[in-house]
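What Swiss-Prot lists as disulfide bond is 60-78, 67-83, 77-88. Positions annotated as signal peptide by Swiss-Prot: 1-22.
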């Protein structure tokens, strides 16, 4: 288990150094770093994560909302919906 610790620490340091580089900060990378911190620092209150989840749910597109696909890999539709034909639609097979 101890041999896994150095690669994990290296990844965390690499992610933080990317954030320090400057103006090219990516919101998804920043969120990844924020979400991975509780694993190393359990003192952070859970209230912040509830607020983050509520903010993410408000920011997502609901049924028939437009969903521009200008950021590949970024989910613009709420959970259970997919971006099809420029709108948030129900997933195929449901």
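Placed from the backbone N, Cα and C atoms, the Cβ positions cover glycine too.
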(request) Pop the Cα-Cα gap between residue 78 (disulfide bond) and residue 88 (disulfide bond) into the table, whole Å please. (result) 8
(message) Please report the Cα separation of residue 83 (disulfide bond) and residue 77 (disulfide bond) in Å, rounded to an integer.
(response) 6
(request) Whole-number Å only: compute the distance from the Cα of residue 78 (disulfide bond) to the Cα of residue 67 (disulfide bond). (result) 10
(request) Pop the Cα-Cα gap between residue 60 (disulfide bond) and residue 77 (disulfide bond) into the table, whole Å please. (result) 5
(request) Mind telling me which of the disulfide-bonded residues 60, 78, 83, 88 has the densest Cβ neighbourhood, counting other Cβ atoms within 10 Å? (result) 88
(request) Only counting partners 6 or more residues apart, tell me which same-chain residues put their Cβ under 8 Å from the Cβ of residue 67 (disulfide bond). (result) 61, 76, 77, 83, 86, 87, 88
(message) With every protein chain in view, what's the tally of Cβ atoms within 10 Å of the Cβ of residue 77 (disulfide bond), excluding that atom itself?
(response) 19
